[in-house]
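Working notes for the structure below.
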Amino acid sequence: MKQYLDLLNRILTEGVHKEDRTGTGTISVFGHQMRFNLEEGFPLVTTKKLHLKSIIHELLWFLQGDTNVKYLQDNGVRIWNEWADANGDLGHIYGYQWRSWPDYNGGFIDQISEAIETIKHNPDSRRIIVSAWNVADLNNMNLPPCHAFFQFYVANGRLSLQLYQRSADTFLGVPFNIASYALLLQMVAQVTGLQTGDFVHTLGDTHIYTNHLEQVKLQLSREPRPLPQMKINPDIKDIFSFKYEDFELVNYDPWPHIAGKVSV
């Protein structure tokens, strides 16, 4: 994935040193965009092995509107543990906002269902947006959303998705985010009867933590390998009916995993 490696190189070349909330420190650039044509393969980084199980289970967890880590932990996924309270709760994070955004009449808005219906019945709409950035609810989230909102776009029978990510941990987080939203795009395309188009990833504060610099340099020394393909059970026609077993990654031949400490 040349786009991703180019981003790492840009940060190392142009980035400025900044202090951050975690106290770790970063090298950062502001504003970057990557585009992935999913017909060319599933955009899963090959210069280090990624834990696809975590990516799939997290996305299914979001789509169910769940905000407690029990489901993740039951499936061997620990990526949210650092932010959970003693009961495993994370507050009104992604899943809550996607499926239960509070309205002003005491009810809730299921943004995912509304987006699906709009794609089916009004595909030329410029309002097919799902937002996790609920300003009135930020204080009720254990971690405010980094990938803040996304928009669908339909043209010539192809569905594309653009994500705006306000804060991008380029070594640890961004490879997960690319794969997660590319998978979401494939799933929505299937349930709406469209072909898969482009995933466009727009980044705000785009950074490498200073304790990841050696890992990044190691990753940049590795030659990218051909992208894998993601096969999805074609019988699933409802976005909320997908299970982990409905996904099969084929021809993934990554370099070995590179460990890095998450900054909390």
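Numbering starts at 1 and runs along the chain as it is shown here.
Placement of Cβ uses the backbone N, Cα and C atoms for every residue, glycine included.
Here the structure is a predicted model, which means the values were calculated and not measured.
Taken from Swiss-Prot, the feature dUMP binding site covers Arg21, Arg126, Arg127, Arg166, Ser167, Ala168, Asp169, Asn177, His207, Ile208, Tyr209. In the three-state DSSP scheme, Arg21 (dUMP binding site) falls into the coil class.
DSSP assigns Ser263 ((6R)-5,10-methylene-5,6,7,8-tetrahydrofolate binding site) to coil in the three-state reduction, outside any helix or strand. Swiss-Prot lists His51, Asp169, Ser263 with the feature (6R)-5,10-methylene-5,6,7,8-tetrahydrofolate binding site.
Among the features that Swiss-Prot reports, active site, nucleophile is placed at Cys146. In the three-state DSSP assignment, the secondary structure recorded for Cys146 (active site, nucleophile) is coil.
Comparing C-alpha positions, His51 ((6R)-5,10-methylene-5,6,7,8-tetrahydrofolate binding site) sits nearest to Asp169 among the recorded positions Arg21, Arg127, Cys146, Asp169, Tyr209.
Within the same chain, the residues at least 6 positions away from His207 (dUMP binding site) whose Cβ sits under 8 Å from its Cβ are Ile11, Gly15, Lys18, Asp20, Thr26, Ile27, Ser28, Val29, Ser167, Ala168, Asp169, Thr170, listed in sequence order. Once the Cα atoms of Arg21, Arg126, Arg127, Arg166, Ser167, Ala168, Asp169, Asn177, His207, Ile208, Tyr209, the listed binders of dUMP, are compared pairwise, the greatest separation found is 36 Å. Taking Cβ-Cβ distances under 8 Å and a sequence gap of 6 or more within the same chain, the neighbours of Arg127 (dUMP binding site) are Thr118.
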